[in-house]
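Visitor: Before I ask anything, here is the structure I am working with.
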Amino acid sequence: MSKANTTKCKKLTTLQAQFAWNYYNKTFINILIGSKMVPEMGWLAWGVNPDLPQMVGTRAIIAINLPNGSAPVNTYNITIDTKLRCRLNPSDIEVRVLNKTAMYIPKTGFFTMFASLVLPESYNISSLNHVWQVGYLADGLEPKMHSTTLQNFDSKETLDLKTGRCQNIGHNRQHLRKIHGILNMMGWGTLLPIGVIIARYLREFPFKLDTWWFTLHYSCQALGYILGSIGWGLGLLLGHESKYYCFRPHRLLGICIFGFTTLQMLAFRLKPAREDEYRKHWNVYHHFLGYSLLVMIPVNIYQGIKILKPDNRTWKWAYNGILVLLGMVVLALEIYTWAKFLWKKYRKPAPATAPTPPPTSEPTPAPDNVTSSEMGKQKLHEETSK
C-alpha cells in the first residue's frame, strides 16, 4: 500500500486491512487505509468515534467501488438506526474531511482510500477510537450491510497516533472465545457423550461392572457439566459485552443445552426408586432429554466454530475427529453387545444323559415280603437242580 503523505503504518487485526497515517498537530492528520476487495463492487469505511471504539456513534468516511470504475467518497453518521439496518445515506459530520480520494489497484487487489482530517478539539490523537469496515454490496451511494462474522465486529481499536501503540479489546475477547469453545467442546461435546456410552454399554454387555458403571457414568457427567457450565457462563459474558450484535441461534441452543443438562444432573438426586409406579415414565423422560442433548450439542458446537473461525478449519477438524472416535467406540461396543447377546440366546446346550451305575458284587437284598422258609426252599431247589 502506498505511503504517500504518511509516516507510520500498521497491519490492522481484521479484514486484511492496512492503515497508515501522519499527524501534523493535535487536530490535523492524514490517513490512508486499504483492504483486499473484489473489483466488481464493494465499499471501504474508516471513521473515528469520540466516545468508545464501536460502530454506533462513528463519524465515517466511506468509499464505494462502483461497477463503472468510479469510487466516490462521502461522509456518513453511523447511528443505532444503522445497526437496525435502516438506510445509510451521505451526511455531514463534525469532522472536517479534505482531499478525500479512493482507487482500486488491480495489481494488488487492494481498494485504498486517502483523506486529510481536521479533528475537533475534543478528540485526542493519543487515544483515538477508530473503526474500519468492508462490505461487498452498495446501491449507488448507499452501502449495504456488511458480513456478520466476528472479524467484522472486531474491526475497532484505540490507537495512539504518536507512538503507534493500540489497545485492542478484541484480543481479550478472542482469548475468552477460545476458552469458551474449548470448555464446551470438552465438557458438553466429549465428556457427556462418554457418560452416555458408559451407561448404555458397561452395565451388562460387554463388561459387567456392577456398581462401578454408575460411578464412572456419574463422574463423566458431573465433570462434563461443570466444564460446560463454565463455558456457557463465558458465552453469556461475551454476549453481554457484545452490545450491538447477537448470534441468536447459537445463544438459544446454548440456553436449551444448559437447561437440559441441569435437569439431567438433578436426576442423580431426584430419581424415583425402582418399585415406584411412575419410574417407567421417568425413564422415558430421562432418555428423551439425553438423546436430545446428543443432537443439540454437536449442532451448537459447529455453530460456534462457524462463528469463531469461519476461515480456519482446525477447530472443525478437531471436533470431527472427536465425533468419529466416539462413533467408532459406539459401533464396536454395539456389535460386540449384539454378538454376545445372540450367542447366549441361540447357543444349543448338550443333551443331558443319566449316569450308568457302577457294577457291584454285593448280593441283591431279598424283598421284604419273602419269608425265611421260602428262601430255604428256593436254595434247596437250586442245589438239587445242580
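Heads up, the Cβ atoms here are built off N, Cα and C, so glycines get one too.
What TrEMBL records for this protein is below:
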{"type": "COMPBIAS", "residues": "376-386", "note": "compositional bias 'Basic and acidic residues'"}
{"type": "DOMAIN", "residues": "15-135", "note": "domain 'DOMON'"}
{"type": "DOMAIN", "residues": "142-342", "note": "domain 'Cytochrome b561'"}
{"type": "TRANSMEM", "residues": "182-202", "note": "transmembrane segment"}
{"type": "TRANSMEM", "residues": "222-239", "note": "transmembrane segment"}
{"type": "TRANSMEM", "residues": "251-268", "note": "transmembrane segment"}
{"type": "TRANSMEM", "residues": "288-305", "note": "transmembrane segment"}
{"type": "TRANSMEM", "residues": "317-339", "note": "transmembrane segment"}
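I'd like to know what surrounds each of these features in this structure.
Guide: For the domain 'DOMON' (15-135), the predicted model reports an average pLDDT of 89.
Here the transmembrane segment (222-239) has long-range neighbours at 173, 176-177, 179-184, 186-188, 190-192, 194-195, 246, 251, 254, 257-258, 261-262, 264-265, meaning same-chain residues at least 6 beyond its ends whose C-beta is under 8 angstroms from one of its own.
Here the transmembrane segment (251-268) has long-range neighbours at 188, 192, 218, 221-222, 225, 228-229, 232, 235, 239, 286, 289-290, 292-293, 296-297, 299-300, 303, meaning same-chain residues at least 6 beyond its ends whose C-beta is under 8 angstroms from one of its own.
For the transmembrane segment (288-305), the list of distant contacts is 180-181, 184-185, 188-189, 192-193, 196, 247, 249-250, 253-254, 256-257, 260-261, 263-264, 315-316, 319, 323: same-chain residues at least six beyond its ends, Cβ to Cβ under 8 Å.
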Visitor: Could you give the residue numbers and ranges of same-chain residues that sit at least 6 residues beyond the transmembrane segment (317-339) on either side and whose C-beta is under 8 angstroms from one of its C-beta atoms?
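Guide: Same-chain contacts beyond the flanks: 185, 189-190, 193-194, 197, 201, 205-206, 298, 301-302, 305.
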